[in-house]
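Worksheet: the structure to be examined is printed underneath.
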Amino acid sequence: MVTTHNLGFPRIGAKRELKFGLERYWKGESSRDELTALGAELRARHWASQRALDFAPVGDFAFYDHVLDMSFTLGNLPERVQGFHGDKLDNAFRVARGRSAAGEQDHAGCCGGVAAGEMTKWFDTNYHYIVPEFTAQTQFNLDFSRLSAQLKEAQAQGVKAKPVIVGPLTYLWLGKAKDDSDKLALLPRLMAVYRALLSHFNAVGVEWVQIDEPILVTELEPAWREAFVRAYEGFEERSVKLLLATYFGELKENLDLACGLPVDGLHIDAINAREEVALAAQTLPPTSVLSVGAINGRNIWKTDLNATLDWLAPLARELGERLWIAPSCSLLHVPVDLAGEIKLDAEIRSWLAFALQKLDEVQVLATALNAGRDAVAAELAANAAAIGARRRSPRVNNPVVQAALARIDAKLGHRQHAYAERAAKQAALLNLPAYPTTTIGSFPQTGEIRQARSQYKRGALDHAGYQAAMRAEIERSVREQEKLGLDVLVHGEAERNDMVEYFGEQLDGYAFSEFGWVQSYGSRCVKPPILFGDISRPKAMTVEWIGYAQSLTNKPMKGMLTGPVTILNWSFVRDDQPRSVSCYQLALAIRDEVLDLEKAGVRVIQIDEAALREGLPLRRAQWGEYLRWAVESFRITANGVSDDTQIHTHMCYSEFNDIIASIADMDADVITIETSRSDMELLDAFDHFKYPNEIGPGVYDIHSPNIPTQEHIVQLMQKAAERIPAQRLWVNPDCGLKTRQWAEVIPALTNMVAAAKTLRSQAR
Ligand code: GLN
Ligand code: ZN
């Protein structure tokens, strides 16, 4: 008999109940008891949905973040909150977001206003965790209270509980040594607490513990590989069984290491590391369990169950009781339930599986393996029909798009001439001053914009009324920019709800769910659009809006588009062809838009690639391959224009030192990037790499309500001019201004324009 289990369940709730509960609590609109009760209710509901499994995860629920919870379990709180009053949950919120509930005024003087913890991406997902903090002095101290309470709850509900913890090496690896000390030096101290934790699990009757070590799918330094051996040998005298969980990739050179650790089972992500499953089956000791992640825990497509059974069945015969099956990773990365999607096109819906449907798939696989395929003949037939229909659907396959893709050649991604020649032609045409000023695209999303959009959605405003409201907003932002004296204007993006959804909605090959929310961090969720088919552009998407904006002014109006790589990286992407193919299809569609804008007289076009870096594979060895097709996609999109059309791109993440050569290779005439927060530190990259084209290092941190002063902006630009020749510098904010208010934006941009004038006069 195979054993079924799950690595983790989404905590946010099918209707984002946790999000709303948290936000009510933080605003002081609900009590602590209400929030705690909501947590218990969600856990109970989620366990009930996992009843059919042999083991359900416990401890995967978190009010804010599971890595933060682990820090509390290990007693590793950042120094700045150690003296805090209040209870643990409030302190957790303080670590995560700088403050807890608004109603908690009594601690405002002592516990309020602390710096929020650093947040970063959980491997290559869009989930963000709170980075653990260490120093050489860090001491650990077991706090079993959260896990003990949740185990009790689970036991009371008859859940076959398998607690889930972050393993010691992954925990250290995810954290940051604030004093640059060697994190591995903390391992002996940390292991003492992990050993105590396992004894506590044993004492409360736990049989299996899932210990997550996803860093085993990355390239580990020898010291870290050795530390694995040392650490897990330290677990030898334990009385609970350990399932070592890896996911998100292949183990490669770490496979032998993982198979040799003294644990009782190993979980492998068979979506990303199918080939390693058989290898692991041979390498693991004969007493070890092999858990196979056979269902994709990160995407929303139905699994081809028959094909999966074809390769699972021999493995089941070989391993017998030792085979476990599960989703490939925690289901945290997919929405909860497809059942609520009544508005979604029925055909597309029949191709999808969210968390609950994925658990059903695990069940069908297990039944087929345990009792024969006949026992689930109806389920398998229905699955085969859906898989076949999707494969054959004319909505997925568009021969015109496929033919266009086949015609892509090297020429498509090349401008007519090199940058220097283009720059001269652009200067003659645009006639811009030194240190030209511009913004990144969006202007404040005002109450009026939101109201018009929701009225339009509800049908309270007709199409013409909505268009008129958006035009009024565009006119307002053009007038403001003229008053401010900016050099290259933007239309302000009033008509866009979201920079990816806006384009997805106008492209063929995209679908949208209503409740397909996935947690991004804390209470923040995203609803990625679903890229299901060959991508094409039925008609121009932005030309009318940009053309209207240009008609209002004599200054150059910058056309604003989202690039193919960013659209891809912020979507759920079809799994029946390489991501690169979908990216090239997006590139061709957006290229047509670029050319249409140019034809309409738009001479400056910005193509945002905010998410380019997010697509980098976990293993550095694979970066080159990704960057090759990502950069080529951008080039295809951008580079069909004539020399005197100026292409801008924009990126807004911090570390780009390590991919700067690829960014230069995109060959945009101008790149605007986020830099103001780090005081231009980011420009260190330019000490070693001579960026050949123009660059606008952000001088206004748009994440903050603070207004940058003219002097500060001048200083920042002077720092930039030490690295980049002044004639290739632009002056602009870090990112779009849509989250700010006009009352903040106007003084900030006034200072920015004044700073540019100072710089010009100094240059003379
Ligand atoms: N053009 C977009 C804006 O200004 C860019 C947003 C982003 O980089 N995330 O809003
Ligand atoms: Zn940005």
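Cβ coordinates are placed from backbone N, Cα and C, and glycine is handled just like the others.
What TrEMBL says about a protein is an automatic prediction, not a curated fact.
TrEMBL names Ile440, Gly441, Ser442, Asp608 for binding L-methionine. Of Glu379, Glu493, Glu495, Glu501, the residue it gives for the same site is Glu493. For the Zn(2+) site that TrEMBL gives as His650, Cys652, Cys735, the extra residue drawn from Glu625, Glu674, Glu711 is Glu674. Record check: TrEMBL places Arg16, Glu17, Leu18, Lys19, Lys121, Arg524, Cys525, Trp570 at the 5-methyltetrahydropteroyltri-L-glutamate site, and the matching candidate among Glu79, Glu482, Glu614 is Glu614. Near Cys652 (Zn(2+) binding site), with the C-alpha within 10 Å of its C-alpha, lie none of the recorded positions Arg16, Glu614, His703. Using a 10 angstroms CA-CA radius around Asp608 (L-homocysteine binding site), the binding-site residues that qualify from Lys121, Cys525, His650 are His650. Other Cβ atoms within 10 Å of the Cβ of Asp608 (L-homocysteine binding site) number 25 in total over all chains. Considering only the binding-site residues Glu493, Glu614, Glu674, the Cβ with the fewest other Cβ atoms within 10 Å is that of Glu614. Neighbour counts of Cβ atoms within 10 Å were compared for the binding-site residues Ile440, Cys525, Cys652, Cys735, and the top value is held by Ile440. Among the binding-site residues Arg16, Lys121, Cys525, Glu674, not one has its Cα within 10 Å of the Cα of Gly441 (L-homocysteine binding site). In the three-state DSSP assignment, the secondary structure recorded for Leu18 (5-methyltetrahydropteroyltri-L-glutamate binding site) is helix. Neighbour density for Lys121 (5-methyltetrahydropteroyltri-L-glutamate binding site): within 10 A of its CB lie 15 other CB atoms from the protein chains shown.
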